[in-house]
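Peer 1: In case it helps, Swiss-Prot gives these features for our protein:
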- Asp10: active site, proton acceptor (ACT_SITE)
- Asp132: active site, proton donor (ACT_SITE)
Amino acid sequence: MSFIVYPALDIRDGRVVRLRQGDYAQETSYGDDPLPRTQAFAAQGAQWMHLVDLDAARAGGYTLAPLLSSIRAQTTLQVQTGGGVRGRDDVARILDAGAGRVVVGSLAVRRPDEVVGWLEEFGAERITIALDARQDAQGQWQLPVHGWTENADVTLDDLARRYARAGMRHLLCTDIARDGMLAGPNISLYQHLSALLPGVAVQASGGIRDVADVAEARAAGCGGAILGKALLEQRMDLAEALAC
């Protein structure tokens, strides 16, 4: 399985931002024009990037189609993107706008029967299942829902296995406690998921600080790593990360 480094941009009101642990009230802005950043990603050798529509994630209705089209026209990047996917037609529209893969998050927890059907309809290579997880006091990985205020009635392991049986090829898993914290990725979580889900490219997301963390994620069996805040704050060289 190849290992893919995904430089990431989160977009809100047209700006490049980062949220601390997903909290819209804890936002840091990194400028108004995302396109030059994507061009820099490509110039440094990236083949893929990860693009998140934070406005749509909150209110629905994917808003980044014009940006996505510009990225595809002006760079060589393939784009994995999501935010605000509320149904099948949203997936189709985002793919039609030029996405290489569509990220399906909260709906993957709330309506798995429907999302399983999309793996077959659109192809498992075109869908990334994204699960935000938090470890409880008993060591079980739960899936918080409703703004991370309560847990779903299914665990991370059980839902991930269900999607794997249905043909899932790409799983993006974020340890909520590490998101935007630059505290290092939860390597034990990714070792566990990689062993649990043979043949699935598990993407490490949350807490990656430097090239050593990227190398550690790869060694843990991951198929990819999402690089967000560390790149924006120039704590990491993308070309070095791509060489891991």
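Quick reminder: no glycine exception, Cβ is built from N, Cα and C everywhere.
Keep in mind that this is a model prediction, so the values were computed, not measured.
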Peer 1: Take the Cβ of Asp132 (active site, proton donor) and count every other Cβ within 10 Å, whichever protein chain it belongs to.
Peer 2: 22
Peer 1: Can you name the residues of this chain that are 6 or more positions from Asp10 (active site, proton acceptor) yet have a C-beta less than 8 Å from its C-beta?
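Peer 2: Spatial neighbours, sequence-distant, of Asp10 (active site, proton acceptor): Val16, Val17, Arg18, Leu19, Val52, Leu54, Gly228.
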